[in-house]
Structures are given as structure tokens and as C-alpha cells.
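Undergrad: According to Swiss-Prot, the protein has these features:
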BINDING   Cys68, Cys69, Cys134, Cys163  [4Fe-4S] cluster binding site
Amino acid sequence: MKYTLTTARTDNSEDEQYPLQEKKIVTDPLEKNIQRNVFFGKLSAFLHKIVNWGRGNSLWPYNFGLSCCYVEMTTAFTAIHDVARFGSEVLRASPRQADFMVIAGTPFLKMVPVIQRLYDQMLEPKWVISMGACANSGGMYDIYSVVQGVDKFLPVDLYIPGCPPRPEAYIQGLLLLKKSINEERRPLSWVLGDQGIYRKNMESERQRKRNTRIAETVLSSPDDELNIYSKQNGEA
């Protein structure tokens, strides 16, 4: 199993932008501990599993939105979708109380320093979700005032495609983030300086579903899907 080790860089100039991190491919660090000492290695793996379970099932989002994707994100908090099922219904007004930030909308150039400051105010462990085509790559706004992707100035953990993505896509993104958190390796105690975070290299949904989509031969029209949706919701 391969992991990505993220280390902080200390030689950055003050005018350098995000991401201020370097990445390299390494093996799971817990495997070495198990080889050295079976008991403490297994105990460390069990503790990581318990801590990651708690983190993944109590993800509090920061209440922050930029554009129309934010409307779809907040729709996931309504009764019909009920994001509370996944422990992520507690919107926080302060970044210091949030676990992850969703960049939902168009990241304009003048908003970059604001977003960076809010991200810096979040406590570790923290994650970033890029939601929508504009946040992922600038979308249709290939102009001077729009940053062509959040990953130009923030380390992004998850990308949600769509323009805008449906609330179901946001919920699926939460589930994928929880799956990624369950495979993380972080220090279990207080650490000063570099934390040495290990993240598993997750396979993208596009790659995972590629063969299934290619093999599909019967495609439904948008009108058929709309009729099915209307019947499920009791509409005429």
C-alpha cells in the first residue's frame, strides 16, 4: 500500500503562494512499526483506526461559500438529503471550530488572501474540498480576475465535479473524504513543527468507474431521468 508523505517547507519566501508543501511516495509507516515490534505496532495501528474513525464521523464544515455551488451545498443540509446522517451537519461560523473547508464557487483573485487567512486559522487536522467546475479549474471564467483552480493556492484533498454539483455529489464527496481520513497516518499527540502527515493515494472515481461506464450500452435520456425523479418525489 502506497502513501503520500506531506512535509512542510521552511525555505519559502514571504511572497510565495500555496501550496507550501512537498510530496513524495512512501510506504505505510505503520508496517515498519509492526515489523520492529508486533505488539506495539498492532496497538499503534488500532489507535490510528479508532482516532480516524472519530475524525471521519464528526466532520464539521466551515460555513463559507463563494457562488452558486454554495446553494447546492446548503441544500444537502435540508431534510430531503439529511447530511446529519454522516455527522457533518454542524456548520461552524468560525474557522477555528471547523474541520474542513468547502470552496464552493468561483475563487476570484481578490478573495485568495482572504481564503488563505481563513485556512490558516483552521486547526489541524483540517481538509479542503474543491466543489464545482469553477473551484476545480476556473470553469468557464478563463479571465484575469478568476484563479484557475483552488489548488493554485491551497492544498486540496477532494475535488467534486459539476456546474453546479448536485447535493448528492456533495454527500458522495463527504463519504470519499471519510474513506480517505480512515487511511491517514497522523501524530496521535501534540507535535511542534512538521507533522509528517501520511495520506493514502486514493483512486479517482472516474478511473474506478471507467470500465463500467464504457461497458454500458443502454443509456437513458434526460427526459426519462426527469420523469423517474418526478415520480419518486410525488410530482405530477
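Any Cβ shown, glycine's included, is placed from N, Cα and C.
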Undergrad: Count the other Cβ atoms sitting within 10 Å of the Cβ of Cys68 ([4Fe-4S] cluster binding site), across every protein chain shown.
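TA: For Cys68 ([4Fe-4S] cluster binding site), the count of other Cβ atoms within 10 Å is 15.
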Undergrad: Neighbourhood of the [4Fe-4S] cluster site (Cys68, Cys69, Cys134, Cys163): other residues with Cβ within 8 Å of the Cβ centroid, in order?
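TA: These residues sit around the [4Fe-4S] cluster site: Ser67, Glu72, Ala104, Gly105, Thr106, Met131, Gly132, Ala133, Ala135, Gly139, Gly162, Pro164, Pro165.
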Undergrad: Since the record lists Cys69, Cys134, Cys163 as binding-site residues, which of them has the fewest other Cβ atoms within 10 Å of its Cβ?
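TA: Among the binding-site residues Cys69, Cys134, Cys163, the lowest count of other Cβ atoms within 10 Å belongs to Cys163.
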